[in-house]
Structure formats: structure tokens, C-alpha cells
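According to Swiss-Prot, the signal peptide annotation covers 1-25. Swiss-Prot lists ASN262, ASN563, ASN822 with the feature N-linked glycosylation site. Annotation source Swiss-Prot lists active site at GLU527, citing similarity to another entry. The feature active site, proton donor is assigned by Swiss-Prot to ASP600, with similarity to another entry given as support.
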Amino acid sequence: MRYHGICWFIFQAAIIFAIFGSCQGAFRHQFKTAEQDGFARRNRDLAKFQKENLNWNGLFQLNSISYNSGVVSGVFEQQSENGENQHLFPFSISFLKNDVVRFQMDEKSRLEGTVEYEKNILTKRRFDASTELGFNERAEVYGKDAHLLEQTSTSLTIRYGSHGRFTVIVTFSPFKVEFQRDGEPQVVLNERHLLNMEYYRPKSSRTPEQEANGMWDETFDNFHDSKPKGPESVGLDIKFVDYGNVYGVPEHTSSLSLKETNNSDAGYTEPYRLYNVDLFEYEVDSPMSQYGAIPFMQAHKPNSDVAVFWSNAAATWIDVEKESGPSPHSQSTSTHWYSESGTLDLFIFLGPKASDVYESYSALVGRPLLPPLFSIGYHQCRWNYVSEEDVLNVDAKFDEVDMPYDTIWLDIEYASKRRYFTWDKATFPNPKAMLEKLDSKSRKLIVILDPHIKNDPNYFVSKELIDYNYAVKDKSGVDNYNADCWPGNSVWVDFFNPEAQAWWGSLYEFDRFESDKNLWIWNDMNEPSVFRGPETSMHRDAIHYGGWEHRDIHNIYGHKCINGTYNGLIKRGEGAVRPFILTRSFFAGTSALAANWIGDTMTTWEHLRGSIPTVLTNGISGMAFSGADVAGFFGNPDAELFVRWYETAIFYPFFRAHAHIDTKRREPWLYGEPYTSLVRELLRIRYRLLPTWYTAFYNSHTHGFPILYPQFLMHPEDEEGFAIDDQFYVGDSGLLVKPVTHPSIDKITIYLADDEVYFDLHDHTEYAGKGHQVVPAPLGRVPVLLRGGNILITRERIRRAAELTRNDPFTLTIAVSKIGKNASGFLYLDDGVTFNYKKGEYLIRHFSYENGILTMKDSHSNPPVSPKYSSSQKHLKVERINIYGEQTRKSIKIRKIIDSEVTEWDVSVDDSGCIRNPQLFLV
């Protein structure tokens with residue numbers, strides 16, 4: 001079937017669209033729709049053809065298949081369009097550790113290098129993102145838990161998994177792979193026969209029809225893409241059986257539960273797109289690309305989760321469609337994934353719980369980082385603080401108005417002529433002295449350093465980059481890729497060259513960049529952003545080290561940039577100190593290296609609302625340390641929006657105020673009273689909760705969990721909450737947050753998923769009963785409820801900066817459950833700075849309350865506890881205990897269990913439910 005011919009009509013329509021554009025979004029015309037992206041158009045046409053020809057069995061036939069030692073191996077074959085040649089595609093289905101299955105497919109001719117390109121500098125094989133990113137090292141085949149149950153002439157069945165609950169059924173013709181759990185289908189590959197891998201064609205064989213379909217070159221927005229390797233897209237349909245809600249594939253401003261992309265009333269007309277771009281003043285509620293790309297999708301139904309990870313670094317689109325499920329009144333979700341180039345590399349996770357999915361997925365791509373303590377405090381930024389005097393005045397003003405904060409940031413104007421790794425000495429004559437003054441208060445400075453380098457022979461970074469041949473090349477493969485960015489004419493670091501990445505890291509050394517130990521890094525514009533480039537980015541036919549076109553690696557360019565920065569900062573700190581990096585661009589695994597923010601928001605209520613599902617989606621997809629600019633990057637918020645955004649942002653994992661250079665100054669005291677006092681108290685709430693936040697980050701680091709739990713994750717059985725994305729929990733602390741995101745209201749409705757009792761964190765009011773509850777929400781009071789059955793751990797003493805709290809005592813707030821009158825919680829502690837926690841220098845204390853007994857237990861796990869560190873923390877204690885939900889209790893027993901030694905004593909409870917100075921020390 002010559003599927004390329006199907007799209008001729010759509011191609012003509014795309015030309016009309018390109019001429020007349022769209023009236024939605026001020027800059028939408030700069031970015032491709034699926035119909036304007038040749039490979040996307042071809043794959044969507046394939047899907048359209050399948051719907052119109054239901055008896056069609058796909059492009060491929062099975063040539064051979066076998067099973068041995070945990071791997072199904074086989075070969076597909078496909079006839080060329082003229083019927084003269086047979087093309088072979090080896091594939092495998094591998095059974096890995098952690099109950100993960102991997103489906104891979106490649107193209108024999110490119111894999112073996114028998115193809116011929118006009119440019120000999122190009123690598124002949126397809127790009128393998130998993131190899132480049134180190135995923136293969138963690139994707140170990142583990143055949144011990146995989147057993148061939150049956151092989152016939154038509155199918156092959158394998159049982160796998162540590163508990164033997166999972167089954168894979170491979171049907172030979174037409175080819176289909178069904179994944180079952182406990183005998184029930186969960187995920188099906190190629191049910192619609194949309195498996196596609198465009199085979200190599202000599203350019204001399206091209207036809208006018210292929211030219212029209214963008215197979216050999218394309219022009220968009222007057223930018224020409226030469227496509228010297230011809231068509232090489234990959235595609236596959238993936239069905240989530242009996243799952244009506246799917247989540248993930250950030251970064252988008254869509255809802256948490258992904259919408260359909262088939263023109264349905266509640267959905268979109270475009271697929272979700274993964275192509276990292278510099279998208280300013282972006283639309284809310286859109287499947288358009290943003291700054292990051294994680295091709296991870298999770299499906300959820302009552303008490304069941306599955307997921308897939310599509311390991312591909314090229315431009316990718318995902319169609320989502322709902323259909324009737326196998327159960328009465330149920331839905332299944334059919335998805336169609338297609339990427340411009342690369343291999344087909346899919347990982348399948350069958351849960352059954354979300355925690356199982358996150359454990360296995362993060363073990364593959366890398367656990368989220370455990371950040372330094374200061375970085376989960378408050379960050380003050382704008383474009384730009386204009387001088388040392390400006391920086392130090394802002395710093396002093398925070399102390400004057402008694403507001404805590406941890407970092408102040410410098411945007412591009414600090415650097416001489418925007419030449420990174422330099423200082424404008426007219427405005428920053430003595431940066432080290434400035435850093436020392438900040439350090440005296442345990443505060444940090446974070447500066448922007450972007451991967452575009454001013455093309456200037458008198459600039460040492462530019463000279464070295466060019467002299468060492470470390471820059472990205474244009475399509476010739478000889479000349480450096482030159483274009484404009486913030487410094488004017490620029491060249492870009494080629495982070496795919498290991499030597500270039502190491503050189504980039506060396507620029508952070510103290511003898512190369514005038515700085516100090518309390519200076520950390522912001523890598524922006526690393527999509528990469530290119531002014532007046534195609535779709536605000538680099539030409540897809542630019543060439544990177546190794547002979548890869550930019551199209552092959554685009555979505556991981558930012559990740560490789562961050563990898564170089566991270567390694568450089570590790571070396572700068574002699575391997576002892578945890579770095580802090582903020583990135584705008586990201587991919588799967590970037591969370592092991594950096595935090596991110598969601599880019600150039602606008603100061604509107606709509607953008608405030610949209611930030612919540614975006615941050616939630618980033619989190620469940622692995623990018624846990626995420627946040628949005630307070631109170632929007634573009635524009636000047638009124639006082640109400642300003643305060644409401646702070647109310648929301650104190651519950652982002654990453655909490656930073658930032659604003660455009662053309663906005664009015666908006667440090668948190670500039671709106672005057674009563675707003676200054678309102679924001680002050682909001683900042684203090686964030687700092688009181690630092691122990692809770694840090695413990696949530698520890699859980700994320702050790703298990704891959706998000707920092708913020710969506711409703712479906714906290715209440716996996718409650719179908720009413722599966723699509724809720726305007727409220728969330730802070731880790732497993734029991735804190736339920738419902739930000740106010742509309743103007744002129746003083747109360748809000750919170751959805752409670754169960755009959756448990758919930759306590760208002762502000763005045764301890766009790767709410768109970770499944771359903772919607774109305775709670776007060778005057779300006780400055782963010783609605784936060786503490787769910788019964790939890791123990792909240794805080795530090796009530798407010799210091800200038802987070803690190804200054806490390807010796808302060810703790811407060812326990814015990815919210816007893818409705819049934820059983822019990823509660824639990826736990827606390828993680830380390831020095832908040834170094835990697836010494838890997839040597840056992842940390843404390844974990846588990847608290848439980850039942851029958852009037854509060855038990856504190858040492859829950860330290862591997863590596864063994866460091867006696868020296870433990871001894872150094874003997875001063876830490878609980879100074880106060882609050883009990884909610886047991887108004888009549890007059891005393892409780894405290895039980896302390898450390899190293900199997902049990903100590904008990906009784907303490908009195910006053911009429912307010914408070915125990916002061918209970919003499920409970922952590923060690």
C-alpha cells in the first residue's frame with residue numbers, strides 16, 4: 001500500500017493554512033502543525049487509511065521470530081513501493097529487571113551501514129537515544145523471571161515478572177503484542193497496525209509524490225530543511241485497555257488527564273507535540289510544544305496503573321483517542337506515537353501500582369536529585385538586577401521587612417556584552433565581595449549561563465570554542481552554525497562531543513570564572529533557542545559530533561548541556577557538594593541533574609490556573625523539581641493576582657519570583673500594606689514546612705515519586721478524582737492544597753475523596769464527608785487541609801535562610817484519623833549540602849500515634865548510620881506537639897526507640913491540645 005499518496009490533499013490544505021495562518025495565539029504561526037510537518041502528516045495519513053480500510057494488516061510481515069534467555073528476537077520485512085526490493089527490520093522484545101519489558105526495532109540497511117548519503121559526514125545508522133543517555137546501562141536483560149509458556153505457528157506466549165503476574169502474547173500475523181496482568185489485557189501494541197519505520201531510499205529514486213510529502217526536503221516559514229538522509233520516521237499505536245485516563249508527555253499547558261486529539265468537543269484538533277522550543281506568551285490549554293519533552297505516558301484506573309516510555313530524541317507527536325472499553329461503561333485510550341527519526345525503543349511498565357511504575361521508570365532514566373536544602377527555599381529573580389549595589393540593597397531589604405529568602409538571581413545583563421563567564425565591571429566591579437556578603441547570611445547568587453556563545457575573537461570562551469572545534473556545524477559539516485541570540489551573532493556548544501562537554505564544565509572552575517562556592521547556575525535558552533531560527537530553534541539539518549543531524553538529537557540537546565554543567569560543578573566542588581542548576585529544556589532523566597521552571601508565563605489568572613496541571617504533569621513524568629515564575633513573567637499583576645500567585649507558588653516544588661525586564665519592579669514588599677504582610681506570612685509558611693518538603697524530595701530521590709501528588713495518586717480508587725488537576729497533595733504528608741486561581745472570591749470548594757476528617761491548617765476547623773466542602777479563602781490565606789491520620793513535621797522558627805534552620809527544634813502536628821484515632825509521619829534529615837548522606841550521614845525518624853501513645857522510631861536504612869553524624873545531631877529535639885481531633889485527652893505517652901533501646905514517659909496535654917517541651921530528642 002503506497003501510503004505516501006494518501007496525504008496529497010492534506011498537503012495542499014497545509015499550504016493554504018501556512019499562507020493564511022491561524023488567528024489563535026500571537027505567535028502560533030511560527031510553529032508547525034502536524035499537517036505542516038512532513039513525517040507527522042505521513043503517519044497521520046497512515047492512521048486515516050487504516051480507519052477507512054479496517055481489513056488492512058499493516059506495512060510489515062513477520063520474517064522470523066524466536067525466544068531465548070529473556071529475549072524475543074525477530075525480523076520484519078517490507079516490500080519497497082515499486083515491489084523490487086525487500087527491506088528487513090530486526091526487532092526484539094526484552095524482559096528486564098524491575099518487571100520492565102522493552103520493544104526495540106531498527107532498520108537493517110542503516111544499522112549495517114550499507115546505505116549511501118550524499119554527505120559522507122553523516123552517520124548511517126539511526127540515532128539511539130537510550131545509548132546516548134546511558135539508559136542501556138540500566139536496562140539489563142533479566143531472563144530469570146521470563147518463561148516461554150507456549151509457541152505455535154501463530155503466536156508466542158511468555159510469562160514474566162517477579163510474581164509471575166504478567167504475560168506477553170505475540171501474535172504473528174497481523175503482528176500484535178498484548179501485555180496482560182492476571183490474565184487481563186492492559187497494553188496492546190500495534191492493534192491498529194500503525195507500526196512504521198520508513199526505509200532508506202536513494203535520493204535519486206524520489207518521485208514528485210514523495211517531494212510533495214516532504215520526504216526529501218521541506219520549507220516552513222521560509223526556512224529550508226534539506227533532509228539529506230531522506231524519510232526515516234518511526235511510528236506505533238499503543239492502546240491502554242480499559243483505561244479512560246492517561247497522563248504525562250510533558251511539557252504542555254494541557255489538563256492533567258490528557259484530552260483527545262481527534263476533533264472531539266472536549267479535545268484538540270492537533271496531536272500533543274514534543275519538540276523543545278522557546279515559546280513565549282504561550283497559550284494555556286494547548287497541546288503545542290513547550291520547553292521540555294518527556295515521552296512518558298501513564299494510564300490509571302481504579303487501583304491500577306501502567307505506563308510506557310518512548311525513548312526517542314527527535315520531534316515526536318502523539319495522538320490520543322478514547323473508545324469504548326471491554327467493561328460496561330468503561331473507556332480505553334488508543335494512542336499513536338510517531339517521531340521524525342531514530343530507532344523505535346519502547347519500555348512498558350505494568351505496575352500494578354503507580355509506585356511500582358515510578359520505581360521502575362526512575363531506575364531506568366535516573367532518580368530525581370536530592371537538592372541542596374537552600375534550593376527548596378524562596379528564590380528572588382528578575383531580568384535584571386542591574387548592579388552589585390542593586391543586589392545588596394534587595395538583599396538588605398529582605399532583612400528589613402523580615403522576609404526569609406535564599407537566593408538572588410542575575411539575568412543576562414550582568415555579563416559583559418552578554419558574554420557568559422564574564423562580568424560587566426562597570427556594574428559588577430567586585431563580584432567575589434558581593435558573594436561574600438551574601439554568604440555571610442547563608443544566601444546564594446545564581447547567574448544565567450546559556451549555551452549560545454557570542455562570536456567574538458576577543459572573547460576567550462568564543463576563541464576556545466572555535467579553536468578547539470567544539471561548536472555545532474551547519475549543514476555543510478564544515479562551517480560553524482552561526483545565528484543570532486542574546487549576544488548577537490553566536491555559535492553553539494556541541495555537547496555531544498565528550499571533549500566539548502568536559503570543556504564546558506571546566507569553565508565553571510574558580511580560576512576560569514570569577515565566582516565563589518555560593519554561586520550556582522541557571523542554564524536557559526537550551527532547547528536550543530535561536531533568534532529568527534526555524535520554530536525559534538536550530539536548523540534540523542545542522543550537524544553535531546558523531547555525524548548526527550540536529551533533527552536526531554533535538555530534544556536532548558538541553559539535557560546534554562545540563563549534564564556538562566552538572567559534571568563541571570561536581571568537579572568544582574571536589575565531588576563533595578550537591579550542585580544546584582535550573583534548566584528550561586529537559587528530557588527523561590534531566591531531573592537527576594536539575595530543577596526546571598515552565599517558562600515565560602503571563603501575569604493572568606489563566607496562566608496561574610494553567611501552571612498547576614503543568615507542574616503536576618512534569619512531576620509524575622519524572623521532572624519533580626518544577627515550578628512557575630511568580631507572578632507571571634510578562635506583564636504587571638494587580639495586588640490580588642500577585643498575592644494569589646504567591647499563595648500557589650509556596651506549594652510549587654521550585655519556588656521563584658521572576659519578571660521580564662519591561663515589567664515594573666515587584667519585590668514582595670513593593671505593593672505596600674496589607675499585601676506586604678500577607679506575602680511575608682506566605683513565605684514563612686514555606687519555610688516552616690521545609691522539613692516536610694525536604695522529606696518529600698528524599699522520597700522522590702529514593703523511589704522516583706513526584707513531589708506533588710495529584711488526586712488520582714493519593715486516592716487511586718476514587719474515579720471522581722482522576723481528572724482533578726486544580727488541587728494536590730504535598731508528597732505523602734497529608735497536606736491537601738487548593739489554590740485560589742480566580743479573582744474576587746473569599747471562599748473555595750475543595751473536593752474530599754473519602755470520609756476521613758480533614759483539618760484546616762490555619763484554624764484547625766474540621767471537615768468530613770466525601771464530596772465538595774466549602775472553606776474560607778480570604779486574600780492571603782491559601783486553602784490547605786491536613787488529612788486525618790497524618791503527622792505533619794515543621795520548624796516554626798523563621799530564619800533569614802534555609803540553612804540557618806538546621807539546628808532548630810521541630811513541631812509535630814498530629815491529625816488523628818476519624819476511625820482508630822491514629823496517625824503517622826516521617827522525617828528525613830541530613831546536612832542539606834553534601835553527598836555525605838550516601839555514607840550514612842542522615843537520620844530518618846518514623847512517628848506513629850495510636851491509643852494515646854506517640855512512638856518515635858529510628859528507620860535508618862542502608863548504608864549503615866554514621867555514628868559521628870548521629871552524635872552531632874543530639875541537640876535536635878521536638879519542642880512542641882499539637883494534637884487535632886482528640887479534644888478530651890489530657891496526657892499521652894511518648895515512646896522512643898533508638899538502636900533497639902526503648903524509653904517511655906508521660907506528658908501532659910493542655911486544653912488547646914498542645915504539649916510544650918516534651919523532652920523528645922531525635923537521637
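Backbone N, Cα and C atoms are what each Cβ position is placed from, and that goes for glycine too.
Recorded features from Swiss-Prot, shown on the structure.
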residue: ASN262; record: N-linked glycosylation site; DSSP class: coil
residue: GLU527; record: active site; DSSP class: coil
residue: ASN563; record: N-linked glycosylation site; DSSP class: helix
residue: ASP600; record: active site, proton donor; DSSP class: coil
residue: ASN822; record: N-linked glycosylation site; DSSP class: coil
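A Cα-Cα distance of 14 Å separates ASP600 (active site, proton donor) from GLU527 (active site). Looking at GLU527, ASP600, the active-site residues in this record, the fewest other C-beta atoms within 10 angstroms of the C-beta turn up around ASP600. Here the Cα atom of GLU527 (active site) is found 49 Å from that of ASN822 (N-linked glycosylation site). Around the Cβ of ASN822 (N-linked glycosylation site), a 10 Å sphere holds 16 further Cβ atoms from the protein chains shown.
Least crowded of the glycosylation sites (ASN262, ASN563), judged by neighbouring Cβ atoms within 10 Å of its own Cβ: ASN262.
ASN563 (N-linked glycosylation site) and ASN262 (N-linked glycosylation site) have their C-alpha atoms 38 Å apart, to the nearest angstrom. In this structure, the C-alpha atom of ASN822 (N-linked glycosylation site) lies 49 angstrom from that of ASN262 (N-linked glycosylation site).
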